[in-house]
Amino acid sequence: MEQKMWHQLSSEELLHKLDVEKELGLSAEEASKRREQYGKNELSEGKKISPIALFLNQFKDLMVLVLAGATLVSGILGEYLDAITIIAIILLNGILGFVQEFRAERSLRALKELSAPMAKVLRAGRLEHISASDLVPGDVVLLESGDRIPADLRWLETNSCYVEESALTGESVAVSKHAQAIADAEIPLGDMRNFGFMGTMMARGTGKGVVMRTGMETEMGKIAHLIQSTEEMETPLQHRLEQLGKILIAVALGLTVMVVVAGILHGQPAMGMFLAGVSLAVAAIPEGLPAIVTIALALGVQRMIKRKAIVRKLPSVETLGCASVICSDKTGTLTQNKMTVTHVWLGDQGLDVSGEGFEPDGQITHRGRMVDLKTNQSLRRLLQISALCNNAMLLEQDSDSEPAGKAQKKKTDEKRPAWGIKGDSTEGALLVLAAKLGITPTSLSSLYKRESELPFDSERKRMSVVVSHQGGRMVMTKGAPDVLLDRCSYVLWEGNVIPLTDTLKQKVKQANEQMAKQALRVLGFAYRELKGKESVDDEQRMESQLVFVGLTGMIDPPRREVRDAIYQCRKAGIKTVMITGDHQLTAEAIASQLGIMPRDGMSVNGSKLSKLSDDELDNIVDQVYVYARVSPEHKLRIVKSLQRKGHVVAMTGDGVNDAPAIKAADIGIAMGITGTDVTKEASALILSDDNFATIVAAIEEGRGIYENIRKFIRYLLASNVGEILVMFFAMMMGLPLPLVPIQILWVNLVTDGLPAMALGVDQAEKDLMEHRPRSAKENIFARRLGWKIISRGILIGLCTLAAFWLTLSVNPDSAEQLTQAQTVAFATLVMAQLIHVFDCRSSRSIFHRNILQNRYLVLAVLSSVILLLAVLYIEPLQPIFKTVPLGLRDWAITFVMAGIPTFLMGIGSVMSGSKPSTKRRSSTYPPNRRAA
């Protein structure tokens, strides 16, 4: 005989297996034994990273290690000022990165906070309040509305028990619970109605359950384990900078070898040539690059904050720019997580309801015209039932105790009130519907008094209340339309009560089906006037011969701004995928409304997903746009499948169930307002306004940051190429060195540093979001960047060498003339770079652009010029930098030679009439290959 799952067992079988009695619970001795066996009911935390370790992590990048090597070489050569300066740059880079990432990983600590601190448990027949951490499998616990469930438990008794599970499953509606066995062996988490799960909230009703799993064995514990075991991916930028570091190391070592070999072949001393080669290798390293990259990212973070996006992990800023898929949770991210009635059906009359969320503002219209409540008796009756057959409360958010009706009178023009629901969200939606036309429990309290209630449960699928009024007593009922119709004999049709014929019943069923096809949650409404002192003890009789009134259709509405944001994503070549724990039909309807689901798109539910192997999932993942009824493990599989297919994945969400996938994604995005602490701590980016549209702004910012990084890499490396060539050619020609080490360091840090930082805040191209995402595997020198660096560097190097030779040739044997020539070479290199920086702002010719558009760049260039003049003309600085004042002839040579490289390249661009290809035009959803 096949072993039954826990949810398939009856309560008696379950209690027998757990060796516990329902009315007694465990004894203190037995609980102690089980605690030793199973451990505490706590979530273990993974390895914590200390602030010191976080700081030291900033120095693991290969580029930083290259700078450390340069520091060591400078010290060996006796250039102690150079060494101290480079050490300062390394420390600055580390401090900037540390400050941005100081918020330590607290995912598991936040999960622990979701565990209820106290629990009501039966011990040897006595009700005790104990710490939730002391619960063990077999403990019998009691729960009521407002309690947080302390462990995974199987229900033994329920009374109108509804549990809010959206943080765990993604389902927006509170789920009814029962104690009966479920026959199916394999069912999704969201359909396991006889189980309660740790960390979820009792929305209403009461229940008694027996603890099945504690600590890390719970569903919450499984999520904790997923977060612990999920490794964060290296960002594309980190990968590219590591590649660049390897290239620079290869160049530096290659230059050293070349110089030593060439010198020996020319009869030069080996040690002298080795020191010269090492000096040249140091010149090849852009010392300011790591710090400038960090500063550019930090400035990008500040701009994102202004656009409501908070970046927790610095390198993730740029990763956004190459996101090719956004996997988004539905509830609370794409939708408002506020059930809203959008349609009402009354006797063959379909009505539309405007307004969204919990604010009691909106209209009920028929074919565009407002419905008059005074003349529409059917609507009045339906709204009365909505308000009275209801246990929720509509409250102003800044007031826990003011129900709708009283609070509405307090409205002022000074502040628009924010509204919320206390209780079940479905009942809350009905309260809001009635309040839109001024019908509230408060306004009805003088006319109707509730006498009794028959609560809703999963078997009855309906709720009834008995109310008294001046004319007598009435039963009001709401529930599933098919169940309610079977208990109705009459219908309120156009204000008149008439018999409910088969024809009319069919019309109601058709209306119900039509609403259901739109993924609306449909409820029916009915009533009956009680005769005299008719007894209400007989439930079956009381809820019979009812008068059917109408239907309401409600849905968790999409956020208003999301549809346009998804269109912008598609325009930018980014695919949006909905991943939700909600029902498949609902998910498909919302996806279609938002433009996520194309006509040929697929949707997959959790049951089917569980049966797919990784290879089978990989084969269909590019065609799937909606995943419904999925678990946290499913979400993680989906993200990893997309990554295996070469996509750079952004994962958004707000619930605990999203956290593992958010951490595994290339860029994890959490909601700042509705998001749980767990989700925020697992994310790299937090949306402070919970606005999906903010993601589009963040992606645009990420793309712009990457393009700006490419601009200043082009700028910095062109300078380094120029330095290398001027030094190398001078050595090969038997000339003295045109630049001394301190001058090279000045150019690399000061001359290049300020303009490079200004390039980091340069304005993005207008059509940036009309390109498909760049490949995450794209080389940093792609799209002709390498050619631009080398060609400009060669021209800068040759012109600097020419300026040096023209000055030195006046008196080659004079030491004073050598210093003069080195100063001219230094000034020429600086000015050539400062002119060249304006050419780095775009792929277009410098003659076709407004070079003064970036005011920060203009200020940076002017500052660098002033600093250059200070080095040349302030006497105390001259011996440090080995400079002398320049005359008019020297400046003439400097300006002519400095302007030639940019002028020639600009003329070349105009004559060729070509623009380097940065146009990666968006097709539908192209694959985006990620870094291996």
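Cβ coordinates are placed from backbone N, Cα and C, and glycine is handled just like the others.
Not measured: the values here are computed from a predicted model.
Quick look at what TrEMBL annotates:
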type     : residues : note
DOMAIN   : 5-79     : domain 'Cation-transporting P-type ATPase N-terminal'
REGION   : 399-420  : region 'Disordered'
REGION   : 912-932  : region 'Disordered'
TRANSMEM : 59-77    : transmembrane segment
TRANSMEM : 83-99    : transmembrane segment
TRANSMEM : 247-267  : transmembrane segment
TRANSMEM : 273-299  : transmembrane segment
TRANSMEM : 712-732  : transmembrane segment
TRANSMEM : 744-764  : transmembrane segment
TRANSMEM : 785-806  : transmembrane segment
TRANSMEM : 818-835  : transmembrane segment
TRANSMEM : 856-874  : transmembrane segment
TRANSMEM : 894-913  : transmembrane segment
Candidate ranges 247-267, 744-764, 785-806, 818-835 - greatest C-beta contact count to the transmembrane segment (712-732) (under 8 angstroms): 785-806
Listed stretch, out of 247-267, 744-764, 785-806, 818-835, that has the most CB pairs under 8 angstroms to the transmembrane segment (856-874): 744-764
Per-region confidence, the domain 'Cation-transporting P-type ATPase N-terminal' (5-79) (mean pLDDT, whole number): 81
Positions whose Cβ lies under 8 angstroms from the transmembrane segment (818-835), at least six residues beyond its ends: 715, 718-719, 722-723, 726, 736-740, 743, 746-747, 751-752, 755, 796, 799-801, 803-808, 861, 864-865, 868, 872, 881-884, 886, 890-891, 893-895, 897-899, 901-902
